[in-house]
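Student: Let me give you the structure first, and then I'll get to my questions.
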Amino acid sequence: MSSISLIQPDRDLFSWPQYWAACFGPAPFLPMSREEMDQLGWDSCDIILVTGDAYVDHPSFGMAICGRMLEAQGFRVGIIAQPDWSSKDDFMRLGKPNLFFGVTAGNMDSMINRYTADRRLRHDDAYTPDNVAGKRPDRATLVYTQRCKEAWKDVPVILGGIEASLRRTAHYDYWSDTVRRSVLVDSKADMLMFGNGERPLVEVAHRLAMGEPISEIRDVRNTAIIVKEALPGWSGVDSTRLDTLGKIDPIPHPYGEDLPCADNKPVAPKKQEAKAVIVQPPRQKPWEKTYVLLPSFEKVKGDKVLYAHASRILHHETNPGCARALMQKHGDRYVWINPPAIPLSTEEMDSVFALPYKRVPHPAYGNARIPAYEMIRFSVNIMRGCFGGCSFCSITEHEGRIIQSRSEDSIINEIEAIRDTVPGFTGVISDLGGPTANMYMLRCKSPRAEQTCRRLSCVYPDICPHMDTNHEPTINLYRRARDLKGIKKILIASGVRYDIAVEDPRYIKELATHHVGGYLKIAPEHTEEGPLSKMMKPGMGSYDRFKELFDTYSKQAGKEQYLIPYFISAHPGTRDEDMVNLALWLKKHRFRLDQVQNFYPSPLANSTTMYYTGKKPLAKIGYKSEGVFVPKGDKQRRLHKALLRYHDPANWPLIRQALEAMGKKHLIGSRRDCLVPAPTIEEMREARRQNRNTRPALTKHTPMATQRQTPATAKKASSTQSRPVNAGAKKRPKAAVGR
């Protein structure tokens with residue numbers, strides 16, 4: 001276990017005096033209609049939460065946590081789930097809130113929820129009853145905010161959730177292929193809360209309840225606001241331009257000047273006078289009351305290098321112990337982003353997860369099936385945060401790098417509650433995990449390093465010597481959980497960080513012996529150093545060592561178990577040769593992947609910055625700094641995805657064409673070392689048929705009308721010319737003689 005952290009909050013999450021409405025007590029479900037409010041005896045809601053998800057009263061759903069958290073503070077909280085956004089009417093169904101609207105797109109970004117990585121429309125939505133698509137608008141945060149303002153103009157609107165959190169600054173938008181303004185500016189909301197929102201949400205709610213205008217609440221951590229100038233008392237660091245070397249003064253020569261000769265005259269002692277002792281306050285730390293001025297929205301939109309520079313700064317200002325505020329100009333105003341909130345302590349985490357959740361969907365949905373709930377209803381979240389720092393992932397920017405773990409007792413109590421209260425429980429816990437399965441209770445062993453570190457990852461390129469890799473707390477938790485009465489099996493479905501696991505083989509033995517249901521998910525993401533260095537993922541040496549240990553312990557337990565690796569195609573830094581080598585590795589190890597994923601440029605991720613700018617924000621940025629190869633265009637992205645499914649005959653023509661272009665024709669054939677088979681006679685005939693349907697050779701003598709014809713129209717014209725002029729026309733009767 002690590003020492004006591006130096007990163008401490010000003011006050012405990014549950015130390016605020018309860019609001020007067022606490023006398024109503026907790027609601028069975030947070031109300032979604034006026035009828036439910038009447039049954040609770042409420043005349044109005046203090047806070048109304050608007051969400052793009054169905055309301056499931058479960059701690060895996062953000063709105064349930066926020067709602068129950070505010071309820072525990074004494075506020076009356078209503079929920080408007082998946083409202084009809086075509087008018088303001090649905091946003092008025094609970095009446096006017098006394099304090100504010102809280103708006104979120106849901107547990108997922110609404111654009112990622114609606115579109116695939118190839119920008120194709122999805123036809124389902126796991127967070128909607130019966131998996132129906134189209135129940136939330138594109139850019140739901142913007143739409144919901146506009147309707148809330150239209151319904152009650154004088155009620156403050158506070159944004160939250162993953163969609164708003166990752167769009168708090170100017171950001172690249174993959175779906176429109178442009179840089180967009182901060183969502184706070186576009187939505188005209190009053191405040192944005194990024195990351196896990198318990199601390200800022202509770203503080204802002206209480207301050208509003210005490211009569212403080214939201215325009216004067218400007219100093220809350222984990223919030224972003226619109227300002228006209230920097231907050232008073234803060235000093236700034238200008239980073240609107242790239243870092244340049246300053247002038248270095250020459251070192252003075254110690255013997256450069258002749259000193260005067262010594263004078264041996266006696267010196268009379270000076271009269272000593274008493275001096276007052278001045279007690280100075282403790283010196284301010286260099287990051288306190290300091291902000292960084294980022295390049296403006298207008299600058300980053302027009303200059304990709306400045307965009308990468310701004311992204312690099314933002315990712316280095318995420319440690320709550322030493323992060324500075326950020327300030328970015330948008331037109332004649334600024335987006336002011338306060339430092340991240342202090343992580344929750346174990347006691348606070350326990351209190352949050354002990355709130356009176358029903359752990360089922362709201363009764364208004366009847367027997368409708370909600371796939372996202374079905375997936376997690378028998379799972380337990382044991383921690384938050386991730387210190388892996390993978391470039392393509394935004395969990396670190398949202399939940400933080402410091403792991404926030406629950407106590408063993410809290411987790412055991414939740415397992416018992418699932419066993420005793422959740423309908424349909426069969427004795428199997430589907431997951432004990434979080435963003436990563438094996439980071440429970442792992443933190444920095446040095447409090448001072450934890451407070452001041454600005455590394456993007458604690459495990460890349462190597463595991464930091466300060467990082468605790470002792471998995472004993474996790475092993476003890478697993479053992480205690482599976483010994484509970486009525487529990488048949490504890491499965492681990494969250495991804496295992498194998499480079500940390502190999503540091504403690506006891507964990508791998510425990511996992512392989514008791515907690516794998518035949519297959520275990522891990523994510524090497526790639527095999528080649530080029531893309532792995534951009535992803536900030538370990539090399540295949542760690543994977544090979546983990547596989548060796550996993551296979552050994554599985555054999556000792558008498559079990560036949562397999563690893564299921566996940567890979568990403570078309571990630572920045574991935575060349576065609578890298579994907580061919582990955583495909584050969586897959587074939588060598590007899591992997592045939594069914595589901596493959598092209599890289600999806602989500603807002604705020606470092607990989608998205610690489611995708612848009614072609615620069616590497618993991619190192620110092622400059623106009624001549626290292627560039628990154630980016631596989632763009634539908635054809636190249638299709639090829640990379642096809643190479644992951646080298647065994648699919650539908651992909652063979654595309655792969656053959658690419659191998660021939662790369663000079664790797666020797667990989668086509670029936671030999672063992674070949675990637676795809678040679679084309680069959682029928683395939684070659686079909687290719688010739690397709691080649692015939694092309695444009696004829698043109699010369700300067702070809703008529704202009706013929707030059708402009710497509711193959712289809714040329715074929716039609718030639719067939720028309722071959723027919724008689726009056727073919728198919730009705731024959732006219734001969735004219736009468738003498739007429």
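Backbone N, Cα and C atoms are what each Cβ position is placed from, and that goes for glycine too.
Heads up, here are the entries from Swiss-Prot:
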| type | residues | note |
| --- | --- | --- |
| BINDING | C386, C390, C393 | [4Fe-4S] cluster binding site |
| COMPBIAS | 704-724 | compositional bias 'Polar residues' |
| COMPBIAS | 729-739 | compositional bias 'Basic residues' |
| DOMAIN | 372-650 | domain 'Radical SAM core' |
| REGION | 685-739 | region 'Disordered' |
Student: Starting from the Cβ of C393 ([4Fe-4S] cluster binding site), draw a 10 Å sphere and report how many other Cβ atoms land inside it.
Tutor: 19
Student: Around the [4Fe-4S] cluster site (C386, C390, C393), what further same-chain residues have their C-beta within 8 angstroms of the site's C-beta centre?
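Tutor: Checked against the 8 Å cutoff, the neighbours are G388, G389, F392, S394, I395, T396, P435.
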Student: Could you tally the C-beta atoms, other than its own, that fall within 10 angstroms of the C-beta of C386 ([4Fe-4S] cluster binding site)?
Tutor: 23
Student: Name the residues of the same chain, 6+ apart in sequence, whose Cβ is under 8 Å from the Cβ of C390 ([4Fe-4S] cluster binding site)?
Tutor: T396, S457, E525, M535, M536, K537
Student: Taking the domain 'Radical SAM core' (372-650) alone, what is its mean pLDDT?
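Tutor: When the pLDDT values over the domain 'Radical SAM core' (372-650) are averaged, the result is 95.
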